[in-house]
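Q: Have a look at this one before I ask anything.
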Ligand SMILES: Cc1cc2nc3c(=O)[nH]c(=O)nc-3n(C[C@H](O)[C@H](O)[C@H](O)COP(=O)(O)OP(=O)(O)OC[C@H]3O[C@@H](n4cnc5c(N)ncnc54)[C@H](O)[C@@H]3O)c2cc1C
Ligand SMILES: Cc1cc2nc3c(=O)[nH]c(=O)nc-3n(C[C@H](O)[C@H](O)[C@H](O)COP(=O)(O)OP(=O)(O)OC[C@H]3O[C@@H](n4cnc5c(N)ncnc54)[C@H](O)[C@@H]3O)c2cc1C
Ligand code: SF4
Ligand code: SF4
Ligand code: FES
């Protein structure tokens, strides 16, 4: 691109992947990442747009506003450390975002290059991932000037980790309280190893610790320590407790054996490493045929885990069509490549068990799309008399999560919405002075990067509050 | 904060052991009915156990554990001075303690130790406390002295008649009711089948009956739904909505079936432990 005339390839450089036939036999990462040569080529596709009034570019689509053109320029010039610093300036967990951000809806959707007919946007996420993976060994942190104020963070998911990292960089004494025995929230217990290796989560958490953040696991706020105690003891509190409460459909037979919530299924596999049973003590049972109810990322993850845990057939049962599926396209494609079957316009109505209380069949009903509902998507309507039976050994219910009521129920004076989310203003401030919140606990189940964006915003507001 | 040292270990009966564990934050906030979830080592399972006592001054909690499978047996092999990797709590809703009048507390098996904190609390709240405890045989009887001290009436049963009356705790309860004793509330902790029978005994008389349910759990914070139980036709998460529930509303058969869902895997685990 140095001469400005070189032709820009229309398509982005593909990322090597594990062969689907092989990868369903292991939990190793599916996408293998760019090497230096390809990364530079991809970086050279970038137009180095300037941000100006009335013209949106990639940065406008990134919830944490990474200076994307700047870090891409560094890649071209092989200044990897500089590239990493530019990313880290805004994003405390870049190796994670590069992997699980819905880039096609965010930065890449705004990419000018991608606006041209038949042209792919720059693969920003892949480049971000490359920079971080490449620079793994060179993570240095400058010693920080300490302030004498303390901030408590509840939850070590992306929202909490980001808020903690930013506040630590500003010199605050930060302590994260995490209910589970390990950090990361959904990054640890939800998103599977083959999509986000846990070694990467460890690395990012290590970085946050290096910034001086103290992490206390096995502390359930509202139980082990009261919210009121935290409010008394700390100068500010940030709640990033996520939306971790699984929903069920409340249809007959849902408590039969072999029916899991996606959270239970994925927690057993990811957090407790049940895929390595009996080397690890926590078991999982999948049988021959697994059906996953739902069409989001969570459902895709569960269906792909089922194959890896030994199911011969894994099916998605979704009440709308593929077009309405909330899952990322890439995840749907990966699931299909691996042989996951899709039963769309289908909904379970009840489960039938055997004499031991194990699920053996699902009664489903066929659906058709009617008028659009509040979400703008066409409402699925059951077709009378279209019921049919499906034989299954395992069912995973992945129809969504709502905020965990532990903190809302145990905090006096905290304003809660009808949906159970904590109400916050534009800066993440709640109805209680000193208490801020962000991530899935304020929005309902959303994305890693939006949780991080909320953590950043709250950190900024907390800094302002504590400096005034 | 993160040292869950075993300060004391005592064998109460064959396969039943008592541990005092250092956990100051939990000790400070523990209430009758609360439990902890612990994980012994990095490869271990998370298992729930009831807090039977706590000592705020020394910063310890007491648990009593019956060895039934791999994790509880591994726990039984630990000694004073050993550490437990993770202990989290106090979890679950506390038991509703107030002056009801006459309370009958029923404990079966290891449940005898688990109902002890409630007996103490009911007594302290001014209730007339009748305790009925039962075990399979004399050698498995635990917490006899502690409970008898706190009770206004105290009954022991064993299945084989080697101690106290021969028979079941529910037989004694039935007799008390038949004798016209005015009972305001019954609380039962023990094997699911025992709790089910107790519920059947009190149901026709409309005596309020509380049981502490013990489904398989993972996180204990309401995140996984693995601990779900059917109560009054609704699905509840025992770790956050319970573990105490109205016995007359509980679907015990569903709970019995659900607690058997990993039987084969549990056998594999136990074999693995035996073979080193
Ligand atoms: C299976 C799955 C796949 C997903 N895939 C994607 C994807 O590909 N891309 C994407 O962008 N998003 C994805 N998401 C969504 C994304 O993971 C979430 O939106 C994001 O993790 C929310 O971050 P958070 O920090 O708000 O909460 P969480 O990640 O839920 O973290 C909350 C943390 O708080 C802890 N906590 C809760 N209550 C307490 C308490 N009382 N005391 C102490 N600690 C507490 C929890 O244990 C947890 O660790 C996925 C979600 C799931 C479940
Ligand atoms: C809220 C709660 C409080 C509890 N308190 C105590 C306690 O104070 N002392 C104590 O000894 N036990 C208690 N239990 C039961 C204890 O958690 C189980 O015995 C333990 O999880 C078994 O683990 P394991 O690996 O040793 O056995 P596994 O091999 O996993 O199981 C062996 C057998 O034990 C039964 N079992 C498995 N999990 C449970 C379970 N969660 N509850 C009941 N039975 C189970 C099953 O029948 C299984 O076949 C409690 C359970 C709950 C839910
Ligand atoms: S954080 Fe996400 S949205 Fe922002 S640049 Fe990276 S991949 Fe794009
Ligand atoms: S919009 Fe696209 S082409 Fe322009 S600077 Fe951003 S990544 Fe490069
Ligand atoms: S143990 Fe997971 S929800 Fe109760």
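Every residue gets a Cβ built from N, Cα and C, even glycine.
Sharing the features that TrEMBL gives for it:
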BINDING   B:64, B:65, B:66  FAD binding site
BINDING   B:224, B:227, B:239  [2Fe-2S] cluster binding site
DOMAIN    B:1-97  domain 'FAD-binding FR-type'
Q: Long-range same-chain neighbours of residue B:64 (FAD binding site), Cβ under 8 Å, sequence gap at least 6?
A: B:12, B:16, B:17, B:18, B:19, B:49, B:50, B:52, B:110, B:113, B:114, B:142, B:143
Q: Please report the number of other Cβ atoms within 10 Å of the Cβ of residue B:227 ([2Fe-2S] cluster binding site).
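A: Residue B:227 ([2Fe-2S] cluster binding site) is surrounded by 26 other Cβ atoms within 10 Å.
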Q: Any idea which of the binding-site residues B:65, B:66, B:239 has the thinnest Cβ neighbourhood at 10 Å?
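A: Selected from the binding-site residues B:65, B:66, B:239 on minimum Cβ neighbours within 10 Å: B:66.
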Q: Over all shown protein chains, what is the count of other CB atoms within 10 A of the CB belonging to residue B:224 ([2Fe-2S] cluster binding site)?
A: 27
Q: Anything from the binding-site residues B:65, B:227, B:239 with its Cβ under 6 A from ligand 2? List those in sequence order.
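A: Checked binding-site residues vs ligand 2; flagged B:65.
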Q: Which binding-site residues among B:64, B:65, B:224, B:227, B:239 have a Cβ sitting under 8 Å from any chain A Cβ?
A: B:224
Q: List the Cα distance (Å, whole number) between residue B:224 ([2Fe-2S] cluster binding site) and residue B:65 (FAD binding site).
A: 24
Q: Take the domain 'FAD-binding FR-type' (B:1-97) and count its residues per DSSP category (helix H/G/I, strand E/B, coil), listing them in that order.
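A: Taking each residue of the domain 'FAD-binding FR-type' (B:1-97) in turn, the totals are 14 helix, 44 strand, 39 coil.
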Q: So which of the binding-site residues B:64, B:65, B:66 sit close to ligand 5, that is, with a CB under 6 Å from an atom of it?
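A: Once distances to ligand 5 are taken from each Cβ, none falls under 6 Å.
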Q: Note the Cβ centroid of B:64, B:65, B:66, the recorded FAD site, then list each other residue of that chain whose Cβ lies within 8 Å of it, in sequence.
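A: Near the FAD site, beyond B:64, B:65, B:66, sit B:12, B:16, B:17, B:18, B:49, B:63, B:67, B:72, B:110, B:113.
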Q: Could you give the Cα-Cα distance between residue B:239 ([2Fe-2S] cluster binding site) and residue B:66 (FAD binding site), in whole Å?
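A: Roughly 20 Å, rounded to the nearest whole number.
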Q: Which of the three DSSP states, helix, strand or coil, fits residue B:227 ([2Fe-2S] cluster binding site)?
A: coil
Q: With DSSP assignments reduced to helix, strand and coil, which class does residue B:239 ([2Fe-2S] cluster binding site) get?
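A: Reduced to three states, the DSSP call for residue B:239 ([2Fe-2S] cluster binding site) is helix.
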Q: Rounded to an integer, what is the Cα-Cα distance in Å between residue B:66 (FAD binding site) and residue B:227 ([2Fe-2S] cluster binding site)?
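A: With distance taken Cα to Cα, residue B:227 ([2Fe-2S] cluster binding site) is 20 Å from residue B:66 (FAD binding site).
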Q: Quick check for the class: what is the C-alpha distance, in angstrom and rounded, between residue B:227 ([2Fe-2S] cluster binding site) and residue B:65 (FAD binding site)?
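A: One finds 19 Å between the Cα atoms of these residues.
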